[in-house]
Amino acid sequence: MTYLLALDQGTSSSRSIVFDREGRIVAIAQKELTQIYPRPGWVEHDPMEIWHSQLATARDVLAKAKLQPADIHAIGITNQRETTLLWNRKTGQPVHHAIVWQDRRAEPMCAQLRDQGMAATIQEKTGLVIDAYFSGTKLRWLLDNVPGARAQAERGELAFGTVDSWLMWQLTGGKVHVTDVSNASRTMLFNVHRNEWDADLLKALDIPAALMPSVQPSSSHFADTDAALLGRALPIGGVAGDQQSALFGQACFAAGMAKNTYGTGCFLLMHTGGECQPSHNGLLVTSAAQTSATPQYAMEGSVFVGGAVVQWLRDGLKAIKGSAEVQSLAESVPDAGGVMMVPAFTGLGAPYWDADARGTITGLTRGTTVAHIARAALESIAYQSAALLQAMSRDAVAAGGTPVAELRVDGGASVNDLLMQFQADLLGIPVVRPEVIETTALGAAYLAGLSTGVYSDARQLSKLWKVERRFMPTMGRAQAEESMARWERAVRQATAT
């Protein structure tokens, strides 16, 4: 039997999943990751905790699956994107905590870049908007604020990487400093047209080129692991940022196919094939997972606070004791009772891109209960995703394509039937949940399997993808449009300054 090991390093946890060659889950191991909040708007992770937790889950999952290292054909890696690490090449020690994608400390630097007229150049070269979300300004902050970092970087003593690079450095005992195109495309330093680091952007952000990892296609041989770590040297055959990996795991291989991952944030991606189509509706252009040197692209919309709104209900508002309660509480009322929540706790992402927006709850009356607020919180995830898909469809039509015909879904919150049905109602298209919702890890496994001969091509992978449930719209379009209009009014209140 052939098995593939996916290392899935996420924002809230490190996980490892073993899949068989049919894409079925054999075993899962998980360890929570400590969230560090030094100041309001700052979010960090301990790089050594990232590494040790990921290695521990890899060992745990082999034990759970009752497999030997020799049973694993290849390893695939998928990871939280944009999170920025800087470490010493000689010692392998990080010079600072990892700055997480949610972190907003680099916003003043982004404002300077906008004032310098860099917005159009950065969007044209990278497909991204100037935002503290991406790695480039986080890296610049580290160079400017960690004592001695800039001098060390200019001497070639430091290495920059996103989480995938950091894990591969550790997995190989410091032998490789590499990333894949999908992760590189999220740095605001990578030219998505030329598939290489952009010298002009590195210069504009005052980042030494010696810091940067080499870049490979997502499905390729990156390295072999140090045999001492897992009992045998195993090939790392696939690497992709979590959202591009999920797009691949959802078998969205053709232009116009789209998926939404409902995790800490929500991430909606539509494959655009070999065309690097610009967005005119506030969306990002990004590199999709590549299986060869030929570029592939996707359009992306990012929601900063998706499932995290449920965590806030539990930990911040103390409205629920556990995340599992939210569906039953929300279902105890027929609707949100006029309550609308905009969870802009860290600003708003696409298609609004307002770093100064703050969370609001509107429509409160004496009759409002905690159940109405819970339902409004859940519905806010669907509203944000619907705004993204509508923007995406407008871009697709403008480029001569057609609106998205169905939305494939995955991630932890996709198991919530109430949320999925409301999503279908707002969109007016089927929302399709696959049998395996661990599509982020599955995508990494597929990429590794492709490069090592387990699979022959994307056609074979498409046949493995199976539907668990299809949610059909039941709400009339007039009602859905009125609901979206109410959402946009609430957003305007959240973004008012």
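Sequential numbering from 1, following the chain as shown.
Cβ coordinates come from backbone N, Cα and C, glycine included.
In the three-state DSSP scheme, T264 (ADP binding site) falls into the coil class. Long-range Cβ neighbours of T264 (ADP binding site) (same chain, at least 6 residues apart, Cβ-Cβ under 8 Å): G10, T11, S12, G306, G307, A308. Look at Swiss-Prot and you will find T11, R15, T264, G307, G412, N416 tagged as ADP binding site, backed by sequence analysis.
As annotated by Swiss-Prot, sn-glycerol 3-phosphate binding site applies to T11, R81, E82, Y133, D242. The Cβ neighbour count for E82 (sn-glycerol 3-phosphate binding site), using a 10 Å radius over every protein chain in view, is 25. E82 (sn-glycerol 3-phosphate binding site) falls within neither a helix nor a strand when secondary structure is assigned with DSSP, and so counts as coil.
Summarising the annotation, Swiss-Prot assigns ATP binding site to T11, S12, S13, T264, G307, Q311, G412. DSSP assigns G412 (ADP binding site) to a helix.
Its Cβ placed at the centre, Y133 (sn-glycerol 3-phosphate binding site) has 30 other Cβ atoms within 10 Å. DSSP assigns Y133 (sn-glycerol 3-phosphate binding site) to coil, not to a helix or a strand. What Swiss-Prot records for R81, E82, Y133, D242, Q243 is glycerol binding site.
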> Between R15 (ADP binding site) and Y133 (sn-glycerol 3-phosphate binding site), how far is it from one CA atom to the other, in Å?
Replying inline: 23
> So among the binding-site residues S13, Q311, N416, who's got the most Cβ atoms within 10 Å?
Replying inline: N416
>> Within a 10 Å radius around the Cβ, which one of these binding-site residues has the most neighbouring Cβ atoms: G307, G412?
In response: G307
> Just the number: how many Å between the Cα atoms of Q311 (ATP binding site) and E82 (sn-glycerol 3-phosphate binding site)?
Replying inline: 22
> Relative to the Cα of E82 (sn-glycerol 3-phosphate binding site), which of the binding-site residues S13, Q243, G412, N416 has the closest Cα?
Replying inline: Q243
>> Given a 10 Å Cβ-Cβ cut-off, pick out the one of the binding-site residues T11, S12, Q243 that has the most other Cβ atoms nearby.
In response: Q243
